[in-house]
Amino acid sequence: MMQEMTPEEIKEKKPYLDWSLSEEEYDYICDKLLHRLPNYTETGLFAAMWSEHCSYKKSKSVLRLFPTKGPRILQGPGEGAGVVDIGDGQAVVFKAESHNHPTAVEPYQGAATGVGGILRDVFSMGARPVATLDSLHFGELDDAHTRWLLNETVAGIGGYGNCMGIPTVGGELTFDDIYKGNPVMNAMSVGLLDVKDMQKGLAQGEGNAVMYVGAKTGRDGIHGATFASHSFDSEHESQRSAVQVGDPFMEKLLLEACLELTQKHADWLVGIQDMGAAGIVSSSSEMASEGKSGMELNLDLVPQRESGMSAYEIMLSESQERMLLCVKKGHEEDVKKIFDFYDLDAVVIGRITSGHNYVLRHHGEVVCDIPVTSLTEDVLEEPSEEKQPQHMIDDAAKPAWEPEITDLAKTYKQMLAQPTIASKGMFTQTYDSMVRTSTVVGPGEDSGVLRVRGTHKGIAMTTDGNGRFIYLDPEIGGKRAVVEAAGNIIASGAEPLAITDCLNFGNPNEPEVFWELHHSVMGIAKACEVLETPVVSGNVSLYNETDGKSIYPTPMVGMVGLVKNLDHLVRDSFQEEGDDLYLVGQTGADYAGSELQKMLTGEIFGSLNDLDLDHIKDYQKRLLAQMEAGHVASAHDLSEGGLAVSLAESSFGHGIGAEVACDLTSAELFSETPGRFLVSVPSEYSAEFAAALAADAVKIGQTAGDSLKLTLKDQAADLPVAELKQIWEEALPCLMKSKD
């Protein structure tokens with residue numbers, strides 16, 4: 001075993017600089033918090049807990065802008081996951097997490113453990129996970145390494161979720177060269193619980209037991225939290241040891257054991273928390289801090305699968321499928337019997353103490369004795385300097401880009417073959433979307449929808465993020481992300497309830513990057529306030545750059561909504577011929593950052609038009625009322641590719657075409673003005689629908705035949721649905737074939 005440095009050697013050689021702890025922070029810990037030099041183990045604990053991934057020291061100042069309260073919110077940010085009341089004593093529990101850095105270096109395990117970690121966050125609240133979603137952003141598919149990364153990532157997501165018996169019901173997948181060296185992998189999990197069973201990550205009550213349950217501890221993932229708080233260079237393949245290894249079968253056992261405990265014997269329990277980033281130190285210190293308690297742990301008692309592990313390694317290991325419990329004194333054996341039944345370790349490794357110190361013993365020696373709050377609450381915040389990106393200033397001085405479309409049919413077909421637009425079926429078929437048979441709507445539609453068993457209710461869920469728009473204007477782009485998510489929820493006939501987020505950005509020490517972070521949060525916060533969708537959980541992933549080149553700022557918004565009656569669930573496919581087609585929302589010249597701009601120019605540039613959030617909220621509510629009255633046959637949110645893509649996708653489900661005649665130009669057919677919907681309405685409800693939506697809906701045609709017959713202001717086209725669908729379905733399989 002390697003000889004650890006002495007406190008004096010640490011001060012002299014500064015190994016903490018490689019663990020994302022700055023010299024200023026180290027000196028502050030020595031001089032202000034401990035009044036002595038920390039030893040090797042203590043220094044490692046501070047480095048992990050003070051990393052951006054655990055502490056949000058860079059981003060905390062802007063995260064405070066988020067609205068987090070509302071009449072349905074039972075638990076906001078700060079716990080394992082957010083909890084939202086859906087009535088009848090039930091709640092929906094959800095959270096999203098990023099696993100970008102691990103996925104970049106070991107994509108299968110990086111993605112798999114991303115799913116595993118977010119599932120544990122949900123069942124640590126006492127909820128049974130019922131669904132997962134993802135948000136994936138990769139480089140262009142002409143690169144062999146990118147194709148490998150994508151295949152392995154999808155396999156990792158599917159492999160873990162399928163083994164757990166939890167359906168993957170939705171998500172998004174986009175492609176842009178900016179993500180080539182640093183893909184974005186965000187996972188979201190949704191669970192359901194009876195409100196009476198809700199748990200918290202809390203440790204208090206002198207003498208109560210700290211119990212370690214689940215898999216044994218190994219050396220995988222050590223310093224994973226600090227790894228996620230660093231930028232990449234082109235040699236990041238060497239960092240695979242920081243990636244955890246998952247075992248979904250072990251997690252399935254852990255899930256069932258934990259739910260048996262929380263649902264049948266909650267009176268034995270004080271608190272429960274997942275061992276995620278920074279492993280034992282994070283879960284234990286956070287639980288003690290939340291309980292305003294002290295804690296003493298004996299690391300010799302921690303179940304270990306490798307010999308000779310140091311205290312440093314035991315505390316910072318991020319081995320998967322582990323939970324930490326605070327159990328009332330006298331019930332330790334009762335809890336152990338539950339976990340014994342599932343053949344899982346369940347060991348008392350410490351006790352709650354009366355003081356406020358965090359004490360660790362290893363091989364009979366005290367290897368850590370520090371105030372609990374020094375790890376969790378005394379972190380030095382580091383807001384960065386800010387500067388508006390120069391490209392925004394330059395673009396604002398230029399005339400807006402106007403596309404020229406000379407051949408509508410050709411452009412339409414090219415659009416459907418774009419990787420971001422094309423069918424993702426070859427990837428989503430990897431996922432089991434129907435396991436446990438609660439899935440009503442699976443991948444490929446605006447929202448995934450699951451029934452709430454024993455009721456007529458459903459839960460709609462979606463993930464949305466478009467880095468191009470955030471890059472062009474972070475604040476407006478942030479608003480658009482929330483509006484897009486709300487549009488997906490509304491299109492299913494659901495009421496938007498709340499959001500979770502993953503904030504994926506570059507190096508926050510760059511003033512332009514921090515400006516993007518700050519202003520995107522401003523935009524998301526504003527939209528959440530207006531649309532009444534508070535932020536209940538989330539995650540920040542910074543330092544997403546390779547060799548100094550940042551990804552697009554890519555916040556992901558995960559939204560959950562309530563379908564009050566599944567009889568009025570709305571799908572995105574045209575249902576019958578002869579229904580009237582309406583375009584809801586006004587169409588503007590919104591081409592900056594659009595799929596059309598990328599396709600025709602190969603670049604992204606320009607300025608975004610702002611949104612009237614109050615107006616959008618108003619007609620969204622009127623549209624939802626029409627859906628709940630049973631007046632809407634189908635609805636599809638308009639996003640990438642605009643009305644053109646939504647028309648095509650709505651026709652693919654049942655092969656029903658449309659005859660469209662409207663005042664839009666060929667270019668406007670591809671405009672990406674946010675907040676719009678394509679709605680089909682049975683003729684008997686058409687007049688009532690038109691009256692309710694008034695000037696916010698215009699009739700553009702009818703469903704009919706087996707082709708899209710378009711008569712626009714400047715061009716016309718007759719496009720067979722079968723031909724369009726073939727292009728759309730075959731594009732990605734063709735691109736994924738080796739070109740080497």
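Numbers here mean position along the shown chain, with the first residue as 1.
Yeah, the Cβs are placed from backbone N, Cα and C, and that goes for glycine too.
Fair warning: this is a prediction, and the values are worked out from it, not measured in the lab.
For H53, the entry in Swiss-Prot reads active site.
Less than 8 angstroms from the CB of H99 (active site, proton acceptor) sit G110, A111, T113, G114, G117, M185, N186, A187, each of them six or more residues away in the same chain. The annotation active site, proton acceptor is assigned in Swiss-Prot to H99.
The 10 Å shell around the Cβ of G538 (ATP binding site) contains 25 further Cβ atoms across the protein chains shown. Annotated ATP binding site per Swiss-Prot: Y56, K95, D501, G538, in sequence order, evidence recorded as sequence analysis.
Reduced to three states, the DSSP call for N539 (Mg(2+) 1 binding site) is strand. As annotated by Swiss-Prot, Mg(2+) 1 binding site applies to E97, N539, with the evidence given as sequence analysis.
The Cβ of D121 (Mg(2+) 2 binding site) has 28 other Cβ atoms within 10 Å, all protein chains considered. Here Swiss-Prot flags D121, D274 as Mg(2+) 2 binding site, drawing on sequence analysis.
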Of E97, D274, D501 (the binding-site residues), the residue whose Cβ has the fewest other Cβ atoms within 10 Å: E97
Pairwise CA distance, G538 (ATP binding site) versus E97 (Mg(2+) 1 binding site), rounded so that it is a whole Å: 7
Neighbouring recorded positions, C-alpha within 10 angstroms of N539 (Mg(2+) 1 binding site) - of H53, Y56, K95, D274: H53, Y56, K95
Packing count at Y56 (ATP binding site) (other Cβ atoms within 10 Å of its Cβ): 19
Three-state secondary structure, which DSSP defines for Y56 (ATP binding site): coil
Other same-chain residues whose Cβ falls within 8 Å of the Cβ centroid of Y56, K95, D501, G538, the recorded ATP site, in sequence order: L63, P77, A96, T500, C502, L503, V535, S537, N539, V540
Fewest Cβ neighbours within 10 Å, where candidates are the recorded positions H53, K95: H53
Between D274 (Mg(2+) 2 binding site) and Y56 (ATP binding site): CA-CA distance (Å): 18
From H53, D274, D501, the recorded positions whose CA lies within 10 Å of that of E97 (Mg(2+) 1 binding site): D501
